[in-house]
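Features reported for this protein in Swiss-Prot:
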type	residues	note
TRANSMEM	23-43	transmembrane segment
TRANSMEM	49-69	transmembrane segment
BINDING	G56, T59	Na(+) binding site
TRANSMEM	70-90	transmembrane segment
Amino acid sequence: MQGVLVGLGAGLGAISRYQLSMLIDAPLALLGINLLGSFLMGWLRPNLLWGTGFLGGFTSFSAFALLMFDGAYLYAAVTVIGCVAAWLLGDRFAA
């Protein structure tokens, strides 16, 4: 049953990421999505459906890895530092 919850959440998260990426240019959309997902993970401390599933499907490590492969090192640094800071901020809101 846990796998079903994660799979359902991942599908919903991926659809949400796709919809947002249609509204905003790709690199900026990806950064915003990853920052938002990190913040929500820290703030809500979600269960399997919403954490591992939805937020795992919503955020994108593969697109981040592709940008790294293409040499976007500043973008990668901003993403890593920004996502850690967003998670810490969300965690502070949860406390």
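Yeah, the Cβs are placed from backbone N, Cα and C, and that goes for glycine too.
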**Asked** According to DSSP, which of helix, strand or coil covers G56 (Na(+) binding site)?
**Response** helix
**Request:** Please indicate, using numbers and ranges, the residues of the same chain that are 6 or more beyond the transmembrane segment (23-43) and have a C-beta under 8 Å from a C-beta there.
**Result:** 17, 51, 55, 58-60, 63-64, 67, 72, 75, 78-79, 82-84, 86-94
**Prompt:** Once near-sequence residues are set aside, which residues in the chain of T59 (Na(+) binding site), 6 or more away, have Cβ atoms under 8 Å from its Cβ?
**Reply:** G13, R17, I33, N34, G37, S38
